[in-house]
């Protein structure tokens, strides 16, 4: 996906990018590749691949959810900033918090935010399990997002405690999400959520399947969740 295709395919979805926003994506790409030589941020470094599999793929969430309001977003395990930084570039009014367990990645994100002159972004070096226990952030975000971090039964325990009641947990998944959804429904329910919508589509050019899950937070998450670091992965909430 070249820059012209990136711009026109977003335009078809009603997302028009200014010259400044296109410049920010270009700087994002350059910074990502430069820092990737020093530390492992991504296996994808070829420009057209980055624009398709990182930038465009992240923004597909906006095809199924309205980001036009000044929402607060928490991105769990964003790594090199996906999906929240591409969304922030497209929708500058979003208030973004990224939680990641690796300090090196947080250093990269701080550098990136300064370089792109992003405001209303915060980067927290923490495990999602401990972050979700903190009173000032627990159940405080309009949206919590995660892209390919863990299976749904695990991911729900990391994300749903952070979503305010009435807010939305957006899980961005690859192919074969059906089985994962079936196995994850119980955890979603236990943690106060309800699966409202699953949107399945093909990423352009390579035709690989993507699934975007919209999970509504219906009631408060029981206080015992999330459990201590590592436990959700070892003992997921499954029937």
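Including glycine, each Cβ sits where the backbone N, Cα and C put it.
The shown structure was predicted, so the numbers you read here are calculated from the model rather than taken from an experiment.
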For the S-adenosyl-L-methionine site, Swiss-Prot lists 77, 82, 128, 129; sort out which one of 147, 151 goes with them.
147
Swiss-Prot record, region 'Disordered', of the ranges 198-218, 219-239 the matching one is 219-239
Within 10 A of the CB of residue 147 (S-adenosyl-L-methionine binding site), the number of other CB atoms across every chain shown is 24
Max Cα-Cα distance in Å among 77, 82, 128, 129, 147, the residues listed as binding S-adenosyl-L-methionine?
20
